[in-house]
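Feature annotations, courtesy of Swiss-Prot:
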TOPO_DOM  1-57  topological domain 'Extracellular'
CARBOHYD  N7  N-linked glycosylation site
CARBOHYD  N30  N-linked glycosylation site
CARBOHYD  N36  N-linked glycosylation site
TRANSMEM  58-79  transmembrane segment
TOPO_DOM  80-87  topological domain 'Cytoplasmic'
TRANSMEM  88-109  transmembrane segment
TOPO_DOM  110-131  topological domain 'Extracellular'
DISULFID  C127-C205  disulfide bond
TRANSMEM  132-150  transmembrane segment
TOPO_DOM  151-170  topological domain 'Cytoplasmic'
TRANSMEM  171-189  transmembrane segment
TOPO_DOM  190-219  topological domain 'Extracellular'
TRANSMEM  220-242  transmembrane segment
TOPO_DOM  243-339  topological domain 'Cytoplasmic'
REGION    257-276  region 'Disordered'
TRANSMEM  340-361  transmembrane segment
TOPO_DOM  362-379  topological domain 'Extracellular'
TRANSMEM  380-400  transmembrane segment
TOPO_DOM  401-453  topological domain 'Cytoplasmic'
LIPID     C414  S-palmitoyl cysteine
Amino acid sequence: MDLLKLNRSLQGPGPGSGSSLCRPGVSLLNSSSAGNLSCETPRIRGTGTRELELTIRITLYAVIFLMSVGGNVLIIVVLGLSRRLRTVTNAFLLSLAVSDLLLAVACMPFTLLPNLMGTFIFGTVICKAVSYLMGVSVSVSTLNLAAIALERYSAICRPLQARVWQTRSHAARVILATWLLSGLLMVPYPVYTVVQPVGPRILQCMHLWPSERVQQMWSVLLLILLFFIPGVVMAVAYGLISRELYLGLRFDGDNDSETQSRVRNQGGLPGGAAAPGPVHQNGGCRHVTSLTGEDSDGCYVQLPRSRLEMTTLTTPTTGPGPGPRPNQAKLLAKKRVVRMLLVIVLLFFVCWLPVYSANTWRAFDGPGARRALAGAPISFIHLLSYTSACANPLVYCFMHRRFRQACLDTCARCCPRPPRARPRPLPDEDPPTPSIASLSRLSYTTISTLGPG
């Protein structure tokens, strides 16, 4: 994907560079640098301003790179080791983590280092490989986001139909198709990527398209396939999910008020027991309105029979309890789901809309785009797109209670704490007398030896 082609500035001007840079059909892979050579008149900046801009840029690159690599590696390890998290949704999250990790590793170092050095020193093979892997990683990440949106829509709003095909084997086939489709779609990148001199001892890894018309068609194709279509799919799917959850929230609120009114009128159930809430259908979702957990999405909430009986016997209907009532807990869980869905769609558009807009602008108006975006603007636009690689782990996984617990379990397994040694009694002290709690853990034979006799 043309993430890194806009800024044509390099460190230090060289003779003859203007003709090569301004030739139609040439687009650079390097996006940003500390220098100011471009097809247009360079901007005059003070040395202090340039150094401050470079320091901020390097710091942001380093922070985003470390967060992306660390967060996605943690996701891969946790999802790979935890059997409880091997679900259909988490299979897509694992693929998303791999693509985000590939985006961080294949894009960011090869964007920052050539701009700091002023030339591309890695050769033609690395140039073509980086260009290809960059496009594949962005395509896979975007298609995975759309696949997750469709999977969650099916699971929440069409659960009966989804149970037929929503299996891990089907998810594996979809993920494989996503990677193969992305690999085929990005074949033009290594074909039209070259390392070309643009000045004395200055090389650039660039996309050299056959014509300006081809470049425009390619930019529009990527804009449609990797932004508009996935964006519409995500917006519609999460909009329908939010609507479904909102209807469930309103129904639960009305049902809760009706239940409280009935309890006040009837004086409560015998013995102060609470009856389980009604099961109702709402747009294809089967809602159990009184029993839920933190991770519930409001559909197919099923609890073990023993837990159901304990809840039925111990949940009071009158008087405030120490924690939220089951119905209130369900409402809170649904609100968290709605908030997370809104954050997902917002992050997608915020991170990717500037990049796709800038690439399309440059394809149709190169000089105007270079005048407006050369230097820091396009560099920070690309940093914003890289932010998605570290934002996805935070949104999709670290907001999930079970994943947080799995992270703690994995860390405890990898770094076990040494057993604490019990302090030995001093010579003039009596040994500690076993307590009732410790005696209860002993066998009958051990307890009998401590009795009178």
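Using N, Cα and C of the backbone, Cβ positions are placed for all residues, glycine too.
Across the fold, the C-alpha of C127 (disulfide bond) and the C-alpha of C414 (S-palmitoyl cysteine) stand 38 Å from each other. Residues 85-86, 90, 93-94, 97-98, 100-101, 103-105, 108-109, 111-112, 116, 380, 383, 386-387, 389-390, 393-394, 397-398, 403, 406-407, 410 of the same chain sit 6 or more residues outside the transmembrane segment (58-79) yet have a Cβ under 8 Å from a Cβ within it. C127 (disulfide bond) falls within a helix when secondary structure is assigned with DSSP. Counting Cβ pairs under 8 Å to the transmembrane segment (380-400), the top-ranked stretch among 88-109, 132-150, 220-242 is 88-109. Taking all protein chains in view, 25 other C-beta atoms sit within 10 angstroms of the C-beta of C205 (disulfide bond). Ranking the recorded positions C127, C414 by C-beta neighbours within 10 Å puts C127 at the top.
Each residue contributes its Cα atom, and for C414 (S-palmitoyl cysteine) and C205 (disulfide bond) those atoms are 42 Å apart.
On the 0 to 100 pLDDT scale, the model's mean across the topological domain 'Cytoplasmic' (80-87) is 81. Secondary structure of the topological domain 'Extracellular' (190-219) per DSSP (helix as H, G, I; strand as E, B; remaining residues coil): 10 helix, 14 strand, 6 coil.
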